[in-house]
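A.B. asks: Let me give you the structure first, and then I'll get to my questions.
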Amino acid sequence: MNITVDAMNNSNETDDCYPSANPEKMVFVGLQLAVILIGIPSNVFFLFVSYRLIRQKNELGVYLFNLALSDLLFITCLPVWVQFCLYDEWYHGKTVCFVCVFLLFTNFYTSAMLLSCIAVDRYLAIVYPLKFCTFRKRKTAVSMSIAAWIFTLVFNAITVYPDMIYDEENLICLDLFPLHEKQIIVNTARFVVGFLVPALVVGFCYCRICLDVKRNQTLGSMERQHVFRLLGCILLTLYFCFGPVHIMMVMRVLLEDCPYPNWLFVGYKVCVFLSMLNCLADPLLYCFMSRTGQASALNVLHILRRTWKKECQKEMENLRQSNQILGTATVPITEATFRTVFSTDNL
C-alpha cells in the first residue's frame, strides 16, 4: 500500500515537474500560419516602400529596409516551427535546428537594435535638429545598420550552442528542459544586452522627445500627435513583442525547479509567439503610422493601380481584336468607362 502511494506521489511529482503536452497547440499552429500568410506580403510591400524612401535619401528608409529584411529571413524558417509545434517532435536534425534558432534570435536582436536606432534618430532630429543634422545622413544609417547586423551575428555566434538547443534523443529543438548550465548565463546575457539596454535607450528617447515636444510651441497639434504616435508604436513594439519572452527567460533561470516548469513552459511558448508578432508589427506600424511611410505606401498603391489598369486595357484590347477576327460583336469601351471603373472612389 505504501509502495502504491509512493508511486502515485512520484507520478504526480513527475507530472508537475516536467512540461506536459500542450493541448492548445492547434491554436499556436493557426496563429503561426496567420503570421506567415500576412507577414510575407506585408513585409515584401514594406521592403518596397522602404526602398523608395532610400531612393529619396531618407535615412529612416535604411532602418526600415533592414527591419523588413530581418522579418522576411525569420518568416522563411517559420514553416519548420509550425511543423514542430504540430507534431511536438523535431524531424530536421541538429543543423536545421541551429539555423532556425539562430535566425529566430537574429530577428529578435536586429529588430531591437534597429528600433533603438530609429528612436535615437528621431531624438536627434527633434531635440537637436541643428547640432546633429550632418550626422543624420543615409551613410550613417547604413553604417549603423551594418553594425547592428554584425553585433547580432557575433552575439548569436557566442550564445547559440547546438548542444544547448537540440535534444537528439527526444527530438526537441530550443524548448529543452531543464536548462543547460551555460544556458542560465546565456539567458541572463540575452535579457540584459538584447532587451534591457535597447528598452532603456528607447524609453529615454521617448521621454526626452515628449518633454521637448510639449515645450516646443511651434509644433502644431497634428505634428505632436504624429510624433507621439510614432514613438509610442516603437515603444509598444519593443516592450510588447520582446519584453515578455526575455522576462520569461529570466523566470526560467529563477524558477526552473519543481513545481513551476509545467505552467512556465506554456507561458514561455506564448511569449515566443508574441515575439513573432514583431514580423507583423513592423510593416503595419511604420508604413501606416509614419507620414512618410503613408505617403510612400500611397505612391506604391497608385503605381500598382496604374499597372493593373494598363494590363486590363491590354487584355480588353486583345479581346476586342480577337472578337473582331471571329466576327463577334463587342461593347465599345470608352475612356469614360475606364474612369468610372478605376476611379479612386471605387477602390
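Yeah, the Cβs are placed from backbone N, Cα and C, and that goes for glycine too.
Copying in the features that TrEMBL gives for the protein in this structure:
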TRANSMEM  28-51  transmembrane segment
DOMAIN    42-286  domain 'G-protein coupled receptors family 1 profile'
TRANSMEM  63-84  transmembrane segment
TRANSMEM  96-120  transmembrane segment
TRANSMEM  141-161  transmembrane segment
TRANSMEM  184-206  transmembrane segment
TRANSMEM  227-251  transmembrane segment
TRANSMEM  263-281  transmembrane segment
A.B. asks: Give residue numbers and ranges for long-range contacts of the transmembrane segment (141-161): same chain, 6 or more residues beyond its ends, CB-CB under 8 A.
C.D. replies: 59-60, 62-63, 66, 98, 101-102, 105-106, 109-110, 113-114, 117, 121, 180, 182, 186, 189-190, 193-194
A.B. asks: I need to check the long-range neighbours of the transmembrane segment (227-251): which residues 6 or more away from its ends have a CB within less than 8 Å of a CB in the stretch?
C.D. replies: 108, 111-112, 115, 118-119, 122, 126, 187-188, 190-191, 194-196, 198-199, 202-203, 205-206, 209-210, 213, 219, 264, 267-268, 270-272, 274-275, 277-278, 281-282, 285-286, 289-290
A.B. asks: Can you give me the average pLDDT across the domain 'G-protein coupled receptors family 1 profile' (42-286), rounded to a whole number?
C.D. replies: 85
